[in-house]
């Protein structure tokens, strides 16, 4: 219906078959005539830019709900005012999402340009005119009216002009927008008058204009069709409107082309009627098979849980039996011990017996009995001196540890072979001021509806770490509030309904050794605009090996004096520990990076020439021997050298003697960690957060990030991770 509506309305007001002809059979098309918002027959349907149709009233109600959501800051009652409209939960989720973005709108009238289409579940931009810029789908409206008439064949359309009782109408005038019986039609449309030329159709309550007017230019009729926007336009839209640069065609050509395509496609479908019926039969079998398989799956799931319950019952019974047996044994021991001590009382038990033995006067008989009795008395005496219960009263050994089992049962769900395991993309994932975790699906089939990202801090002291869980609707997530100088493990799994995929492989990422320090390149202090080129955001600097460098080299007849162009950060550090990262382009010939003190900046920029050849000394005039020359700690700044895809560790007494061991591959991302409190600066491989070189630095003044470039080179500051990385991407 939507496809047929595109070219319709540009010609006449009627459809073929609307005149006094036998009604067309339209049984079985109810599904195409139901509004996706209110789930009822269309009433004055509007064509959205996505080519779906929605009732005019539904569009207004959805937009009012949209505006209420912006005004109230939530969607709990957004669709409560109208029982007619049925906004899906996914549409309301999108409304919530846009409302949280902070967009402010006036809720007196539905002005929002974003419309959550209930047909395709996407946010559609209605443009500046909103509802007023949408076409009314008269073709679909007429088909709905014909369906209504077929559904209520016994209910006739009555004449609007008969005296009571009114007669049944026989025709309707599209110009007068009224229905007539034969007699009234002759009276109100006499021969020889202009009304006799009015267009009439069969009895209907659906009246539409004879000419479709442009919603942008209300006095102009549409006479062209925009192939880009797939909608009718007028000549003013083409001349100076939003369709000025779009490809358009005449309405008659579009009508003919689309009608031929639609007719051809319909003929093809009709010719495949037997195939369609076969598919329907197959689908009926699949429906029955699905019912049977679902019952079987329920039974199997029930059996699995019954088995699990049976195992738990057995474990429970065994545990209770063990506790009961231990209790009985302990009670028996304690009871015997109590009876023994009871015998130590006067005239009772062992003491009473011993007292009776003492009455024996015959030495031989006394000795015969007293020896064994004395041993028992001694044993009782020792027991009395070091009293100890015969059994423990606590049952700590019988505490059941179910922590791991609880975790396993918490993960108990349906595992599907069709739902692929997501993979965390380590190249796209980043650890900087925040953590950006990105993942991807190996395939595009059976994609998950939602993902669960879990992470925990790696701690040697804790044997079993607690995973923190986050539900994500996109394929990336920004995580804040992670500890500095720590390692975290991440894993992700996908969910599609109650089915989930197995966990992805765990990925371990390291946070920076200190809080991230944000700054831009300073374009004022010492900045040489002739040699260096800054981007507008001042996050990248480039040195070009051009004509000025050649002129500078031409003036030098001896030695290897060349100019280093310095640039510093626009923000300084007075105290604390800070970290920043940057990228050095692989083609860079020479770059120096590090820190400089505020009281030495002037000396830095006035030192216009730097000896890049370590074998030449200006003072001595002879070879100094680079292999034996150590890093000069008296320099006004602390820099390390990069270039030609290499990282050069400075020569220090603690550095390796072998020059080759001081040359490392240049990491893709470098980091600098400055600790003003301890007076140390470290240079890191920011990708792995591994320290490559560390030295002491004088932090008596305010410290600034410093960079020096020569020849063809470029440095790009690492971009901070912001919440925009966690926005919805619309690919789920």
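Each Cβ is built from the backbone N, Cα and C atoms, and glycine gets one as well.
The feature coiled coil is assigned by TrEMBL to 280-307. Annotation comment: TrEMBL describes 35-72 as domain 'RING-type'. Among the features that TrEMBL reports, domain 'B box-type' is placed at 209-251. As annotated by TrEMBL, domain 'COS' applies to 358-415. Residues annotated as domain 'Fibronectin type-III' in TrEMBL: 421-514. TrEMBL lists 499-730 with the feature domain 'B30.2/SPRY'.
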Helix, strand and coil counts within the domain 'B box-type' (209-251) (DSSP): 7 helix, 11 strand, 25 coil
The domain 'Fibronectin type-III' (421-514), counted residue by residue under DSSP: helix, strand, coil: 0 helix, 43 strand, 51 coil
For the domain 'COS' (358-415), mean pLDDT (0 to 100): 79
Helix, strand and coil totals (DSSP H, G, I; E, B; other) for the domain 'COS' (358-415): 34 helix, 2 strand, 22 coil
